[in-house]
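K.L.:
The structure's right below; bear with me while I get my questions together.
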Amino acid sequence: MSQGTLYDKVWDQHKVTTLPNGQDQLFVGLHLIHEVTSPQAFGMIKERGLEVARPDLTHATVDHIVPTANQDRPYSDDAAETMMAELEENVRDAGIQFSDPTTGDQGIVHVIGPEQGITQPGKTIVCGDSHTSTHGAFGALAFGIGTSQIRDVLATQTIAMEKQKVRKIEVTGELDEGVEAKDIILEIIRRLGTEGGVGYVYEYAGETIENLDMEGRMSICNMSIEGGARAGYVNPDETTYEWLEETDYFQEHPEKFEELKPYWESIRSDEDAEYDDVVEIDAGELDPVVTWGTTPGQGIGIDDPIPEPEDLADDKVDTARRAQKHMRVEPGETMEGYDIDVAFLGSCTNARLPDLRRAARIVKGREVADDVRAFVVPGSQRVQRAAEEEGLKDIFEEAGFEWRNAGCSMCLGMNEDQLEGDEACASSSNRNFVGRQGSKDGRTVLMNPRMVAAAAITGEVSDVRDLKEVTLA
């Protein structure tokens, strides 16, 4: 097993005891909750006459079901209104801080935690959402959990888990223009597979990772689960510290920053740390990556041919055939020129301010293609305000994009933003499963934000490197 890694250090520091079944009971430093996975858990503890153990270490928001076009209450969707009302009641009764739309701090849970400064290195963080691994970008151990585990954390502020192995993914090389963090993680998943990380936590390291901004690191850690890993993380460094120092929490508590920084530095993986596996990726060889199929692992470079199913591993042949039939693609073709109907720029993977800035540089002075629905959904109200102050909203709207309010939106079919029929969508989100965006016949092509912008302008999957970027004022 691994030794001397950040994962080992933080795990051991938070271990309360080892249970008879061999699992470790861990103290949870931050519990993030939202409206979809928490109601049943609250109901369970109420039935037992229990209270929330640590409301001060619990933070709530609404993101999955919240409409992005019109957020006036009551919501037009009765189910969404019911979930929102239940969450409001539960957090009020328990005294839990709630970033709801009236606060100006609402947004996707994996966007608001970091931007408010409550996501910190060395914390154990859980949330009833599979993309909780996003917070690992800060050197936290962050895990998605199910309803029964949410119940346990609400009641005890602890969780029972099995310790995983650690795989170091060393990424080197300078990224080509138009290639982003999203392309790195799509390539990792393509190479290792959607089940390649089962039993592992991924440590992302190497000069390429170190040169990424925090938003890029979050994009990579966000999709660890798509690669089968239980979590993913990056060792904290000066980029991390500079980002955190500007957040509300540390602006209000500067003494805490100075107090915690030595601890953050101490949890970094040792130079001689031992890993269970090491994988090397040369990111300098990457082109923009897009998916051709119905799993995030079915990706190719924009210039590469769609594979022949028979050339894949035996257990992937039938899946590839079904995916190609659903997506209406043929082996040997490239994805460049694939017609799209919708362009979605949003999600907890790619809806932060730098994502929107990069996309705006492609969009500025251009127009969305005829017959394409294109919209931008900022990851949080803070991102939304900042983007509007910078003039990004105007750039997108002048090009023909819809500018929406913060929420999960079309990343998943749980709100009003959904594909219709067999529409094809260029999406900056994290999953392209059949039916993921609301229609069982819908087709999703995952790509980085600038590639989404390029697809919106051209009406087809295009190589963003062929479009000149415009300098923003």
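A Cβ is built for glycine as well, from the same backbone N, Cα and C atoms used for every other residue.
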K.L.:
Could you look at C221, C348 and say which one Swiss-Prot places alongside C408, C411 in the [4Fe-4S] cluster site?
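P.N.:
[4Fe-4S] cluster site check in Swiss-Prot: besides C408, C411, the record includes C348 out of C221, C348.
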K.L.:
Please report the number of other Cβ atoms within 10 Å of the Cβ of C408 ([4Fe-4S] cluster binding site).
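P.N.:
Taking all protein chains shown, C408 ([4Fe-4S] cluster binding site) has 30 Cβ neighbours within 10 Å.
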K.L.:
Given the [4Fe-4S] cluster site residues C348, C408, C411, which other residues of that chain have a Cβ within 8 Å of the mean position of their Cβ atoms, reported in sequence order?
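P.N.:
The answer, listed by sequence position, is D63, H64, I108, H131, G346, S347, T349, A351, G379, G407, S409, L412, S429, N430.
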K.L.:
Looking at the binding-site residues C348, C411, which one has the fewest other Cβ atoms within 10 Å of its own Cβ?
P.N.:
C348
K.L.:
Using DSSP reduced to three states, classify C408 ([4Fe-4S] cluster binding site) as helix, strand or coil.
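P.N.:
DSSP call for C408 ([4Fe-4S] cluster binding site): coil, neither helix nor strand.
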